[in-house]
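Structure, as structure tokens:
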Amino acid sequence: FGAMAGENLKVLNALDVAKTQWYHFTAIVIAGMGFFTDAYDLFCISLVTKMLGRIYYHTPGSPKPGILPPNVSATINGVALCGTLAGQLFFGWLGDKLGRKKVYGITLMLMCICSIASGLSLGSTPGAVMATLAFFRFWLGFGIGGDYPLSATIMSEYANKKTRGAFIAAVFAMQGFGILAGGIFAMIVSSAFSAKFKAPAYEVDPEGSTVPEADYIWRIILMVGALPALLTYYWRLKMPETARYTALVAKNAKQAAADMSKVLQTEIEAVEEAQKQEEEGGEGKGYGLFSRDFMKRHGFHLLGTATTWLLLDIAFYSQNLFQKDIFSAVGWIPPAKTMNAIQEVYTIARAQTLIALCSTVPGYWFTVALIDVVGRFAIQLMGFFFMTVFMFALALPYNHWTKRDNRIGFVVIYSLTFFFANFGPNATTFVVPAEIFPARLRSTCHGISAAAGKLGAIIGAFGFLYLAQSPDPKKTDAGYPPGIGVKNSLIALGVINLLGMAFTFLVPEPKGKSLEDLSGENDGGGENV
């Protein structure tokens, strides 16, 4: 049986020790563009929800601009997350069945079509527009979900072992740029419209403050999400299937060698004997996802990657609750009635872009720089630790932070929390599942972990929307039942981060090891993992 492993390893070894070269960077850009688009699409909806409220839910004579009713708002924001969850499971499984490359083109096409369609949401009543928007956002999410396991797996299978972590993290870090691009583009569009169509503030003229042309703005912002994906579609089709898939799953060492020789500009030869040996000795290796073998070797690993991602995303997505309050509190966003519809898009986009520039983007790149130096485990543990500390620092003296003079401190600590999410578990939970599972289950397991994360996102975004409501029924937002209040919600988030620290201990450290060593594919089946 050794010979088979030997042959495959020649190809894979060549990948493991390959010098970092131009080709690796093109792979980062091609895989990263998917993530750029994901972040743009998932994120840009938060820029336009306020405007949708003004356009479609305006109440004549009301002192405040129209807002989306809680159930509509939850649907528009949440439906893409539900689609993503479904897509991660489905495409993760499909990526192991059909190969990474085949499925990669499908997800991208789906993202392009649905981005454009969501901007064309039509209907004669507000309900109909929202329903078509929600429908296409769901399928957009479905395509985005497929991008998670595939991008991570493709990057990890292409990379060499020395800088693999940094490459996978760099793909993920493209999210930061997607968020920036979303914010900046929304600012450009809204200022252009502002210049052309002058409008009074809402309090001056409620009807006139939302010009009819405003309806184009949110559509343009949503549709531009298709552009970066379309641009990389051609390159995605040209990328060869990853050698690890071809050699280990499709069992074609020769093809793998040929593909990689082209790409790495070196000669790798594969020998025929491999296939013969394989037929005689390769039985024990084919354990499936639900087998006892898998449970024994990778059960805790999968539990670890799924729970840490779940817990992280509960904390990470609950930020959306506080974001608006924080911006208004610091005075980055003036009261809605003092602006017209287009100005409002501009100010929200500006605030989000600032946050992205100051805490989100730097956090990602810190991870890229250090992940192969200090390792995944250390970064994840440290990230959860600081997130716990800062959440408690916000929660315990919460009344202190609500006073006007202390608000800047609140924002600083708040941004630090998200800096350490990105320079911490937000990046590592994405990297590790792409490294520690066997090739034929790799994208499935990554999909399962990512889907657990999205479940956390749904809990974070909606559970906390209700939880954070004031316990006093008179003080809740329109349409919400009383909750446990912001202070207690923050304490709960602190506890969640603490749990994340605990579950991190289930996950092995993949730094500097080859993928086959990690998954036990080298030793005929990996009894001694």
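Each residue, glycine too, has its Cβ placed from N, Cα and C.
Keep in mind the model is a prediction, meaning the values are calculated, not measured.
Going by TrEMBL, these are the annotated features:
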| type | residues | note |
| --- | --- | --- |
| DOMAIN | 27-512 | domain 'Major facilitator superfamily (MFS) profile' |
| TRANSMEM | 22-48 | transmembrane segment |
| TRANSMEM | 103-122 | transmembrane segment |
| TRANSMEM | 166-189 | transmembrane segment |
| TRANSMEM | 216-235 | transmembrane segment |
| TRANSMEM | 300-318 | transmembrane segment |
| TRANSMEM | 377-396 | transmembrane segment |
| TRANSMEM | 408-427 | transmembrane segment |
| TRANSMEM | 447-468 | transmembrane segment |
| TRANSMEM | 489-507 | transmembrane segment |
The transmembrane segment (166-189) in contact with the transmembrane segment (377-396), cutoff 8 A, at least 3 CB pairs, sep 6+: no
Contact between the transmembrane segment (300-318) and the transmembrane segment (216-235) (at least 3 Cβ pairs under 8 Å, separation 6+): no
PLDDT averaged over the residues of the domain 'Major facilitator superfamily (MFS) profile' (27-512): 84
Range from 22-48, 103-122, 377-396, 447-468, 489-507 with the greatest count of C-beta pairs under 8 A to the transmembrane segment (216-235): 103-122
Closest-packing stretch to the transmembrane segment (377-396), where packing means Cβ pairs under 8 Å, from 22-48, 103-122, 447-468, 489-507: 489-507
Within-chain partners of the transmembrane segment (22-48) [C-beta distance under 8 Å, separation at least 6 from its ends]: 76-77, 80-81, 84, 107-108, 111, 115, 137, 140-141, 144, 147-148, 150-151, 154-155, 158-160, 163, 167, 170-179, 181-183, 186, 217-218, 221-222, 224-226, 228-229, 231-232, 235-236, 239, 263-265, 320, 345, 348-349, 352
Distant-in-sequence neighbours of the transmembrane segment (447-468), which means Cβ under 8 A and at least six residues beyond its ends: 74, 77-78, 81-82, 84-86, 88-93, 95, 145, 148-149, 302, 305-307, 309-318, 320-322, 429-430, 433, 480-481, 483-486, 488-489, 492-493
